[in-house]
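> Pulled from Swiss-Prot, these are the listed features:
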- 4-96: domain '2Fe-2S ferredoxin-type' (DOMAIN)
- C42, C47, C50, C80: [2Fe-2S] cluster binding site (BINDING)
Amino acid sequence: MATYQVRLINKKEDLDSTIEIDEDTTILEGAAENGIELPFSCHSGSCSSCVGKVVEGEVDQSDQIFLDDEQMSKGFALLCVTYPRSNCTIKTHQEPYLV
């Protein structure tokens, strides 16, 4: 099983942490396992509470049903159903910027 370095950043939240997450663990679960509290609601990819923005790297969010193609092309990802597929950097707490 592959493990990736995932950097979670957000200046307003004073967050800049790099954690290891297995390929079969969601970003949200991995953050929680490492003591990082991120916003969430449904845990099923059907709302936008946990949305983040992938700044660098690759992820798999094929289980999500909320974001449209344009939002995903801008890097938005629902962290409750997003799995790392490479080392990556993700801006957290992005729901206010999801238009």
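Cβ from N, Cα, C; glycine included.
I'd like these features described in context: how deep, what's nearby, how far apart.
In the three-state DSSP reading, C47 ([2Fe-2S] cluster binding site) counts as coil. Cβ neighbour count for C47 ([2Fe-2S] cluster binding site): 16 (other Cβ atoms within 10 Å of its Cβ, all protein chains included).
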> Does C42 ([2Fe-2S] cluster binding site) have same-chain partners at least 6 apart in sequence with Cβ under 8 Å from its own Cβ, and which are they?
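Correct list: S49, C80.
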> Within 10 Å of the Cβ of C50 ([2Fe-2S] cluster binding site), how many other Cβ atoms are there?
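Step by step: centre on the Cβ of C50 ([2Fe-2S] cluster binding site), count other Cβ atoms within 10 Å, giving 26.
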